Amino acid sequence: MLTVAWPLALILLPLPFIFWRRQTVQAEGGRLQLPGISQTGKTNITSRSRQSRKRYWLMWSLLVLAIARPQWLGDPIELPSQGRDLMLAVDLSGSMQIEDMVINGKVVDRFTLIQHVVSEFIERRKGDRIGLILFADHAYLQAPLTQDRRSVAQFLKEAQIGLVGKQTAIGESIALAVKRFDKMDESNRVLILLTDGSNNAGNIEPEQAAQIAANRKVTIYTVGVGADVMERRTLFGRERVNPSMDLDENQLKHIADVTHGRYFRARNSQELEQIYQEIDKLEPVSRDQLSYRPQAELFYWPLALALLTSIWIALGQLSLFSRTKNPVPSATPRRDVR
């Protein structure tokens, strides 16, 4: 978008016209009109005067435009805002493939539901740095803390059950998150840990890792996933079972309490969506988004044109002075000698 930095400078534009009108009125007031005298010379002078005024007017307009500082403003560019460092730790153990969840009337496994809901949560966290940890037998950093939310969501989408083993290393995932937070600047540090089991792998206990996280001022929200009841077919017909027998809720509650977080229970897709909406409220995104518009100065263009116009005026004056100093002699009429 084209704009000017100092628009008030444009009020200088009519100054030459005002000055010229004032001079014209004064000159016409004291001019003596003599009838019968040829106006040819006057017409030539007036024509040259008009041309000269146009050149001066053009030069003045260009100078005023340069003073006003024309600029080209680019599209707004958002600057990174001061948000949160938010790490997502997602369980990829074998139990995540239990099909006890429903999305839009279709039965799906737990991890498919997590991918669906968490991806939408990631998209809403504008301004935060988000990272992704996947854990099973051990914990692995899949995506470091970044504001590239699209890449984090893509990493989650590409993850597969059994990729990092079949067991559940909850304590190791917490320790890895704390380690990554320590490498970043001081900020609001939040870990969302999502699992459907209990700690049975890794080289550190969840309670010990949670205490370290609390000392590092990391808030942990734990989410236990899995239905309370599901039906399955057997040789004797259908039976109702609890697919979440392995979920250690007491351990997850302890982790959340120690780190001043909160424990959530997700038995179905609606509850999981509500949980992440609740986390949005508990850890709101900073709305003070800053932006700037790149600008390019253009004043040198009218300034250069004004300089060229002044040269044009100077050459015109020099030419006029030369013709006045060396007038072309008029032809002398021949006289007949008889």
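Placed from the backbone N, Cα and C atoms, the Cβ positions cover glycine too.
For 85-279, the entry in TrEMBL reads domain 'VWFA'. What TrEMBL lists as transmembrane segment is 298-315.
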Any residues 6+ beyond the ends of the transmembrane segment (298-315) with a Cβ under 8 Å from its own?
2, 52, 55-56, 58-59, 62-63, 65-72
What is the pLDDT of the domain 'VWFA' (85-279) when averaged and given as a whole number?
90
